[in-house]
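The structure appears below as structure tokens.
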Amino acid sequence: MKLLKDRILKDGNALSENVLKVDSFLNHQIDAKLMKAVGEEFIERFNDTEITKVLTLESSGIAPSVMVGLQLDIPVVFGRKRQSLTLKDDLYTSQVFSFTKQETNTIAVARKFLSKEDKVLIIDDFLANGEAANALIDVVNQSGAEIVGVGIVIEKAFQSGGKILRDKGYRVESLARIESMYNGNIKFVGDDE
Ligand code: G4P
Ligand code: NA
Ligand code: NA
């Protein structure tokens with residue numbers, strides 16, 4: 001997606017070879033107009049599928065997901081990271097290991113918001129090692145719903161998440177795929193072609 005890649009080049013900051021800071025339009029301040037275009041692009045890429053629900057993870061997955069939900073007129077559910085007061089029996093839960101923080105966190109989705117009749121598009125802001133996406137997939141599988149695919153705003157293609165998901169047979173659509181970030185130089189997959 002050219003609009004997104006241009007924005008990453010303009011306002012993204014490669015803090016290291018592994019970490020891209022995009023807090024001016026995605027992770028802290030949000031560019032709603034760009035998110036609207038991101039939502040339209042996801043819908044375009046999955047336009048051959050039927051989707052009844054969007055599933056994401058708080059907090060940064062919510063903005064792009066809401067744009068998809070708005071345009072398709074379907075609900076958006078986000079996995080919660082903090083403990084809620086709801087009874088545990090009423091929740092699907094899964095573990096997410098964070099490589100950066102070296103800790104495991106539990107995510108939770110209320111059972112009443114996912115059923116086996118649902119056809120779910122999973123969306124997230126970043127795909128790195130695939131831990132978050134795998135936890136969301138686990139939650140959908142517990143519900144018996146169908147996974148239509150995984151939509152990612154920014155995939156760090158040099159990390160293993162994309163390959164793991166695609167090898168498992170999931171359809172992954174990433175709107176910007178970063179090949180490398182050496183010396184602050186952001187290079188996208190396919191730039192040389
Ligand atoms: P890791 O796979 O690279 O180890 O990342 P980890 O699971 O620890 O993810 C930590 C958070 O950072 C996640 O968001 C993830 O989406 C995000 N993330 C991973 N790589 C990058 C990156 O290169 N740049 C940015 N900006 N974020 C990245 P989160 O904790 O769920 O936070 P949020 O959704 O509330 O923003
Ligand atoms: Na995230
Ligand atoms: Na994040």
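Using the three backbone atoms N, Cα and C, a Cβ is placed for every residue, glycine included.
Around ASN27 (xanthine binding site), the same-chain residues at least 6 positions away in sequence with a Cβ under 8 Å from its Cβ are LYS21, SER60, ASP125. ASN27 (xanthine binding site) carries neither a helix nor a strand DSSP state and counts as coil. The xanthine binding site feature in TrEMBL is assigned to LEU20, ASN27, LYS156.
What TrEMBL lists as 5-phospho-alpha-D-ribose 1-diphosphate binding site is ALA128, ASN129, GLY130, GLU131, ALA132. Shown in sequence order, SER160, GLY161, GLY162, ILE164, LEU165 are the residues of the chain, 6+ apart in sequence, with a C-beta less than 8 angstroms from the C-beta of GLY130 (5-phospho-alpha-D-ribose 1-diphosphate binding site).
Over the domain 'Phosphoribosyltransferase' (32-157), the average per-residue pLDDT in this prediction is 95. What TrEMBL records for 32-157 is domain 'Phosphoribosyltransferase'.
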Can you name the residues of this chain that are 6 or more positions from ALA132 (5-phospho-alpha-D-ribose 1-diphosphate binding site) yet have a C-beta less than 8 Å from its C-beta?
LEU57, VAL96, ILE107, ASP124
The domain 'Phosphoribosyltransferase' (32-157), counted residue by residue under DSSP: helix, strand, coil:
44 helix, 46 strand, 36 coil
Cβ-centroid neighbourhood (8 Å) of the 5-phospho-alpha-D-ribose 1-diphosphate site, ALA128, ASN129, GLY130, GLU131, ALA132 excluded:
VAL96, PHE99, LEU127, ALA133, ASN134, GLN159, GLY161
